[in-house]
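**Student:** Sharing a structure with you now.
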Amino acid sequence: LFRYNFQVEVNGKMGKGQAVCTLDGTVDYHGRPAIRERSGTWFAGILLLVNQGLATLAFFGVGVNLVLFLTRVMGQDNADAANNVSKWTGTVYLFSLVGAFLSDSYWGRYKTCAIFQAIFVIGLVSLSLSTYIFLLKPKGCGDEKTLCGSHSSFQSTFFYLSIYLVALGNGGYQPNIATFGADQFDEEDPNEGCSKISFFSYFYLALNLGSLFSNSFLSYFENEGMWALGFWTSAGSAALALVLFLCGTPRYRYFEPKGNPISRFSQVLVAAARKLKVEKMPSGEDLFELEAKIYEKNGDRKLLHTQGLKFLDRAAVITSEESNQIDKDTNDPWHLCTVTQVEEVKCILRLIPIWLCTILYSVVFTQMASLFVEQGAAMKTTVSSFNLPPASMSCFDIFSVVAFIFIYRRILDPYVALRKKNATGITELQRMGIGLIIAILAMVAAGVVESFRLNYAKESCPNCEGSSSLSIFWQIPQYVLVGASEVFMYVGQLEFFNSQAPDGLKSFGSALCMTSISLGNYVSSLLVMIVMSFSARDDMPGWIPGNLNKGHLERFYYLLAALTTVDLMVYIVCARWYKYIKFEGKSGGGDNNGGNELSELKV
């Protein structure tokens, strides 16, 4: 697997040579072992980062101002628009599970990325066409002064079909492009292993830089009513991203799909349940396991036995009847599973509590696309004669992400690693905890700003836009704090779930990160509904009414801060309980890194 012969030309003569291949089991486009110096690494990684930046530009060209499109063009009120945006955004990330399942089980990451990017482009083109042809009626409507008229059922259905095609395409593509990019670096090689860790930070950086154009230029044009121009720009960006992705096909490294993980998961549960009456449990060394070379042949890694969740170990207990089947190499996985297969199930079960604790953080994060925008629209948005789009304030979130990625990678992490006298620095679990703390501060800051906004509000206001003399720039602290929390939470999540997921479930690991954002949007929508149901009375329009001057949005922010504080306490308990997955390296033993002697190309 590590070397194979090939023909080379030396001084005009053909001769035999030997190429050093990757140690992680990746193959090239033709299905041959991937040559280290001719595939992957930063050439493919940078191409995928550019692809991610363009795709993100396209996605946020729709998402960042969708709440304003629903109120100005589709005629919805603030609460309904915020709920619909939360549901749509949640659906985007929920589709990430679909993409991850198809990728890990059948299609592989490359094919899955290509197909869902094509769906993404189709959705954006149909959205652009529907907006241009029949949604922007009468002509010139859709800005903050002129609302559009009503639309027929067919027009509304076509619009929702288009945006949910966008959701399907982007959702199925996102978890796979992150994992596919990480696949370009062989973690069994020390140098490439470090690059793989850095890739996730640069991936999130590319995501934010891509959205910078959407949150500034496209946001301005859409805020002025030029929705069709904004959507067509998004469609063009997505098409260019797809073309660039396909251009890198010969240079990518590929992992073969490992088959349906649901069946492997079910086999462990069934086999363990069948052995409930086993009285004496053997030690980890006496459980059933295959030789390491069998895993290496399939491009997999052997998982070492861990303590805890001992009920599942029963699936690997060898009975006298199964001992005979092993000798004949005819064991049934529904009766006897390997330790590696059992550890895969343990790994997923241990990830679930950590994953659940990240959902409430996503509730905080989703406020940037909904209530932060509505709050900004109710503040003074003019600078001299220039009208600043409320959605463009998310640029400060992006600037914060860029700055804190640099601060973390170049200053904070090396300093902590030096103090701890090891190379790990701040662990992923610690970073996610820091992200929750900063998110609490962001909600407190947003609540304080809203209290001041109400003090400067104009009481007689037919709608919320421009209803307070407090400048929109007072929102900068809350955006900066959310951006800082993203660097610790979401980058840490990407690294954590990718490193802790078994080899056959890497896309599922990235999908967990995306799905937490999805459920965060749904929980946000549910919280808004609950808050409006108990806060709205005959004499009170509720905390989040159409006219924010008559509501108490700051109470909702403080409620999120309190809930996130409770979530942080639960997270600390779960993080202390968590046990890291243990791989056996391909080079033998428990070391994940391959030998340096295989990192050279020998001819």
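Backbone N, Cα and C define each Cβ position, glycine as well.
According to TrEMBL, the record shows the following:
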- 42-70: transmembrane segment (TRANSMEM)
- 91-108: transmembrane segment (TRANSMEM)
- 114-135: transmembrane segment (TRANSMEM)
- 202-221: transmembrane segment (TRANSMEM)
- 227-248: transmembrane segment (TRANSMEM)
- 351-371: transmembrane segment (TRANSMEM)
- 391-411: transmembrane segment (TRANSMEM)
- 432-452: transmembrane segment (TRANSMEM)
- 472-491: transmembrane segment (TRANSMEM)
- 512-536: transmembrane segment (TRANSMEM)
- 556-578: transmembrane segment (TRANSMEM)
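Just tell me what is around each of these and how deep it sits.
**Tutor:** Through the fold, the transmembrane segment (42-70) approaches residues 76, 80-82, 84-85, 88-89, 92, 117, 120, 124, 127, 142, 163, 166, 170, 173, 177-178, 180-181, 184-185, 195, 199, 202-203, 206-211, 213-215, 218-219, 222-223, 227, 230-231, 233-235, 237-238, 240-241, 244-245, 247-248, 251-253, 369-370, 373-374, 377, 389-391, 394 of its own chain, all at least 6 residues removed from its boundaries and within a Cβ separation under 8 Å.
Remote same-chain residues near the transmembrane segment (91-108) are listed as 59, 63, 115-116, 164, 166-168, 170-176, 179, 254-261, 504-508, 510-511, 514-519, 521 (criterion: CB distance under 8 Å, separation of at least six residues from the stretch ends).
Counting same-chain residues at least six beyond the ends of the transmembrane segment (114-135), those with a Cβ under 8 angstroms from any Cβ of the stretch are 55, 58-59, 62, 73-74, 99, 107, 148, 151, 155, 158-159, 161-173, 176, 227-228, 231-232, 234-235, 238-239, 241-242, 245-246.
Sequence-distant contacts of the transmembrane segment (351-371) (same chain, at least 6 residues past either end, Cβ-Cβ under 8 Å): 63-64, 66-67, 81-82, 85-86, 89, 394, 397, 429, 432, 435-436, 439, 442-443, 446, 479, 482, 485-486, 489, 493, 496-497, 500-501, 509, 512-513, 515-521, 523-524, 527, 544, 553, 556-557, 560, 563-564, 567, 570-571, 574-575, 577-578.
Tertiary neighbourhood of the transmembrane segment (391-411): same-chain residues 64-65, 68, 198, 201, 204-205, 208-209, 211-212, 215-216, 219-220, 222-223, 368-369, 372-373, 376, 472, 475-476, 479-484, 486-488, 491, selected by CB-CB distance under 8 Å and a gap of 6+ residues from either end.
For the transmembrane segment (432-452), the residues of the chain that approach it from at least six positions outside its boundaries are 354, 357-358, 361, 364-365, 367, 372, 375, 426, 470, 474-475, 477-478, 481-482, 484-490, 492-493, 496, 553-555, 557-558, 560-561, 564-565, 567-568, 571-572, 575, judged by C-beta separation under 8 angstroms.
Residues 200-201, 204, 358, 361, 364-365, 368, 372, 375-376, 379-381, 388, 390, 393-394, 396-401, 404-405, 408, 431-432, 434-436, 438-439, 441-443, 445-446, 449, 452-453, 513 of the same chain, all 6+ positions outside the transmembrane segment (472-491), place their C-beta atoms under 8 angstroms from a C-beta of that stretch.
Same-chain residues lying 6 or more positions outside the transmembrane segment (512-536) and placing a CB less than 8 Å from one of its CB atoms are 79, 82-83, 86-87, 89-94, 96-97, 171, 174-175, 351, 355, 358-367, 370, 490, 493-494, 497, 501, 542-545, 552, 555-556, 559-560.
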